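For reference, Swiss-Prot has these:
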DOMAIN    17-204  domain 'RNase H type-2'
BINDING   D23, E24, D115  divalent metal cation binding site
Amino acid sequence: MSKLKIDFPAVVYPDFTLIAGVDEVGRGPLVGDVVTACVILDANNPISGLADSKKLSEKKLALLFDEIQEKALFVAVGRASPVEIDALNILHATMLAMQRAVDNLSISPEFVFIDGNRCPQLSMPCESVVKGDARVAEISAASIIAKVTRDREMCELDKQYPHYGFAKHKGYPTKAHFAAIEKHGVTPEYRKSFKPVKKVLGLL
């Protein structure tokens, strides 16, 4: 049976100059921060090849990450920690991280496109865009910044805790990851409200 393809209407850009895109990476992992990015692109300095970060190779991601940092007008990152995720839940922690990414920009955008189906509370108008990382260039750029940032942090965590395979699975739940936490337990960076982690901690 073929997969039903949904055609989304074209995204209409508002009549503003400073338009930002925001996306998140890391809602599903068992460990580490949820990381968000906010990007304002330069219309006079276009970047080709922007796409949903999940569909790009590691090499292409790294190249685009550098190009976005070089060519975009403004780039900022936000995050919410495992402690905040456990206290707020992953949805509210993600909204908080998105707010922080916008707040961390060195200039206030006039309008913000948010990936997904809801907007965080912001001081400027915003619009949520389903599948925005494939439909809005600013969101695509933000998804690349967020993903490369988080992936590199997981590679650093892998050096600290080499038995968990963080560099490979980036903290997401995999068979190898489950086996590692069953054998070695959890580190302080784990999200203790997530069911597989609760199970290891004997909280279920």
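Every residue, even glycine, has its Cβ placed from backbone N, Cα and C.
Looking just at the domain 'RNase H type-2' (17-204), the mean pLDDT is 96. On its own chain, E24 (divalent metal cation binding site) has V34, V35, T36, T94, A97, M98, D115, G116, A146 as residues at least 6 apart in sequence with a Cβ closer than 8 Å to its own Cβ. Compute the center of the Cβ atoms of D23, E24, D115, which mark the site for divalent metal cation; besides them, the chain residues with Cβ within 8 Å of that center are V22, V25, T36, A37, M98, I114, G116, G132, D133, I139, A142, S143, A146. Taking each of the binding-site residues D23, D115 in turn and counting other Cβ atoms within 10 Å of its Cβ gives the largest count for D23.
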